[in-house]
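Record features (Swiss-Prot):
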type    : residues : note
MOD_RES : S19      : phosphoserine
MOD_RES : S163     : phosphoserine
MOD_RES : S385     : phosphoserine
MOD_RES : T387     : phosphothreonine
Amino acid sequence: MFFTCGPNEAMVVSGFCRSPPVMVAGGRVFVLPCIQQIQRISLNTLTLNVKSEKVYTRHGVPISVTGIAQVKIQGQNKEMLAAACQMFLGKTEAEIAHIALETLEGHQRAIMAHMTVEEIYKDRQKFSEQVFKVASSDLVNMGISVVSYTLKDIHDDQDYLHSLGKARTAQVQKDARIGEAEAKRDAGIREAKAKQEKVSAQYLSEIEMAKAQRDYELKKAAYDIEVNTRRAQADLAYQLQVAKTKQQIEEQRVQVQVVERAQQVAVQEQEIARREKELEARVRKPAEAERYKLERLAAAEKSQLIMQAEAEAESVRMRGEAEAFAIGARARAEAEQMAKKAEAFQLYQEAAQLDMLLEKLPQVAEEISGPLTSAKKITLVSSGSGTMGAAKVTGEVLDILSRLPESVERLTGVSISQVNHKPLRTA
């Protein structure tokens, strides 16, 4: 049959085939009924309130001490567990705690007897360490380990600790008064010194402040110069950058315009090509057809005109021949007339010349006075003497006509007056 236990207890199996007994702390074990026996022992931690009443210390002063200890049976160490089983197997936790408490109290009393009240009161850590050390070495033989020990309380019935406190309090108060007086004295000295140091520090501080102000103003002036220089450089750089940016923008704009212009040119070229094709489809081909038609019409008209011209030329030729025949007949008649005039001239000579001159004289007079007939307006300017108005014009015309014989004589060499006064001669 299997038996189990928790980590806070141990099982001890003894009997048939179990020599020495088997000890299991926190686990399971197989037990043969009737021929084997199983017992349990607690491994719980036990809290002990260790009181030592009216124990005389090294100087014979009785005091009472209370300590708190934590102890337990050690289950991890087989030897300590075996010792605990030999001593406490079958006992309850209360019985085990009582045994451990009696042991600890004895060791606590022993340590108190070897120490003074002042040592126990002032150095509790030392007292606790000594009790823990002595009790642990004794309880380990029982299989019990001391987990911790602390001194909880110290008191006495003789007011020793209170008197010790009074003396200490009086000493402390005395030291406090002395310290207070010395402190006041030192405080006055320190106050005066502090005032002196304060004034000196104030002067030094003002000097340092003046130096700092001077250094600040110098550094600030240098900083302002540097800042203004950097700001001017930054402004100039900004303006340069703005100018460069504007230039780049302008270049980009020009490039865009060039591209747009190129695109427009390409579009225009495409439009021109399209219009040329459209023109060729709408105008050129019909024009070529019209031209061919006109050429054909012109050729037909040309042939017609040639035929008309040939007919007119034939008509003109025949008319010319007729006119030539008429002119020839007229010329023959005029020649006969001229021959007769020549015969008459030969017969009458000067009389014939005079007759010819007189016959042509009106024509000559007409040609001489021709410019006057084309004048639309005549303006007469008088010098204040002589005739005026139409009489003046008539006189001028008569004067021109009176000079006609002279003109004829200069042109022909024949004097009308001489011919007129000579007697007519015949051949």
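Cβ atoms here come from the backbone N, Cα and C positions, even for glycine.
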Give the residue from the modified residues S19, S163 that has the most other Cβ atoms within 10 Å of its Cβ, counting over every protein chain displayed.
S163
Roughly how many Å lie between the Cα atoms of S19 (phosphoserine) and S163 (phosphoserine), rounded to a whole value?
64
Hey, does DSSP put S163 (phosphoserine) in a helix, a strand, or just coil?
helix
